[in-house]
Amino acid sequence: MARQHKLEDYRNIGIMAHIDAGKTTTTERILLHTGKIHKIGETHDGASQMDWMAQEQERGITITSAATTAFWKGKRINIIDTPGHVDFTVEVERSLRVLDGAVTVLDAQSGVEPQTETVWRQATTYRVPRLIYVNKMDKAGADFFASVKSVKTRLNANAVAIQIPIGQESDFKGIVDLVEMKAYEYDGKPEENAKEIEIPFDLQALAKEKRQELIEAVATYDEEFMMKVLDGVEPTLDELKAMIRKATLTSEFFPAVCGTSFKNKGVKKMIDAVVDYLPSPLDIPAAKAHKGENEEVDVPATDDYPFTGLAFKVMTDPFVGSLTFIRLYAGTLQKGSYVYNSTKGTKERIGRLILMHANSRSEIDEANAGDIVAAVGLKGTTTGDTLIAEKAPEIVLERMVFPEPVISQALEPESKDAMEKLALGLQKLAAEDPTFRTYTDEETGQTIIAGMGELHLDIIVDRLKREHGVKAKVGAPQVSYRETITKSADVEGKHIKQSGGKGQYGHVWIKFEPNPDKGFEFVDKIVGGKIPKEYIKPIQKGLEDKMASGILAGYPMIDIKATLFDGSYHDVDSSELAYKIAASKALTKAKDLVGTVLLEPIMDVSVIIPDDYYGDVMGDITRRRGQIQESELRNDGDHILRCLTPLSEMFGYATDLRSMTAGRGNYQMQFHHYEKCPKNIADEIIKKRNIQLKDED
């Protein structure tokens, strides 16, 4: 099937922002203007097109990234609407991994907010070119220039206005386009009719000044253009647009526009900017892939290269079952074809191919390079897997890295009969979300769920009830502590039983070393066949199993390097099980030799409070072992306090903050890092945990 849109006409973009900045409403307006929907749904009414899960419509927040395809002025725009709540940053992360450009939505009153910083950092990691849309210009306290300035000061990013507002707050009427040097006034109707007017007299000097700033800012990205500017030559419209595009594609220059999506002002101009300045798949560096152990290869964005795609999201659809979202980096993909999962080394069949619009869909026969599609029928593919043409040279795209869960809860179904349904439901939810884990506590037999925050787990439990018909009782949230080692030691592990009948013989020497931030690393240095090859994997597995249950207080162990360097075997009595047990015994024995310590999750907390309550809240954070990182007074008179605080001290904080600030304070929290627990606190936790484990025995 012939390609319907040239690759240079594609725009794969994400809409990202802090919670409540108006992302979903903005996406709704884009869909309205591009002809995708005919009736507007409002987030605050629970009727938004992109927020299609029941929980999203009830809570008025976006949880999963809904994908949709729209068309504007001959361009094909694939849009991902991402959540702004910190418990769902995995959705932002995996979207940015497969997008080419993004629109960052700011609230005109607040400018850059805590979660804006998080998503901006994520986008910077993937070098995603961005356009800034300052929304809610009609809101009390709205200030376009202060919002743009906050991008420069808070994000250290070169944001430059390409529009200025005509009026603000309730007087916001339209915009002056600094590229065209024309003014537009909006009628506020859903069609967003714009009337060209004279640039208001009181804005003419400011418009000239800001246009000159824009020209000088983009001139630094092109020497020839800069020489013209220095010679006083006025750029043509096409020249200036080309220069803004060139600067934006560097991911170092960020054009800023403004509007109010809810009041239908400025969105069409923002879509024009998406088309004019954000990249096509041909404008960004080719995707990198690994071939074999050490070779890195480029995957060119073309239909002529063998099919290469990344599975960036898996979700369960009530009508078609499992849907796997794929970004095609190269080649073509047909429904009914076989592909190779090079991450897992398995073959998969593409049953059907679907173009998604929030939760409605249309089937297609073929997808091309640059497309974002959903495939039905994949059995073993999970988030982050590379899919390639069946007989193509084997390559693997760079994997996505997801944070470890920091909070857990015990879960049990209200009836024993529902155990099987519960296990199946949890398995499906874990396949969709890489930051959600579920396992059975071997000591208690309880089902444990673990995730990125209380809201994350609330929604998991809610989805179990709605989608899988399982009502469950939930225990109190628990901190997910970790254990690690701080010293190196050579440790012997033996499992030898040789009295009568077939015996058991496993004998290892393992060097344990700290491995900060690198997870578990196993190195085989056995030479001369001292331990036969077939027992090496069981030794590694024995260590991994023991690490999962810990050696200090029953918490999982992280960041350890284990080097197997010596040992012995018995011709008759050695077995996989014996070596597994020997390795486990070595790690248990190492407890006092390697300086085993307890680690606690430290959270990045941003608290927004009126000035009157600053002292009380600051004192409370200090009492919670919080370390203040930054304090800033915003334009609206509120303070933002950023601090690093142990998760164990933050349970119930929402209620405490409400009571301290008469309901006027709010906060956001996300995992930052694991840190050694202070000895007095660690001793108390270990003591309680060991009593608990003893009682359960």
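From the backbone N, Cα and C atoms, a Cβ is placed for every residue, glycine too.
Feature annotations, reproduced from Swiss-Prot:
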BINDING   17-24, 81-85, 135-138  GTP binding site
DOMAIN    8-282  domain 'tr-type G'
Ala17 (GTP binding site) CB neighbourhood, other CB atoms within 10 A: 28
Three-state secondary structure, which DSSP defines for Ala17 (GTP binding site): strand
DSSP-derived structure type at Met137 (GTP binding site), helix or strand or else coil: coil
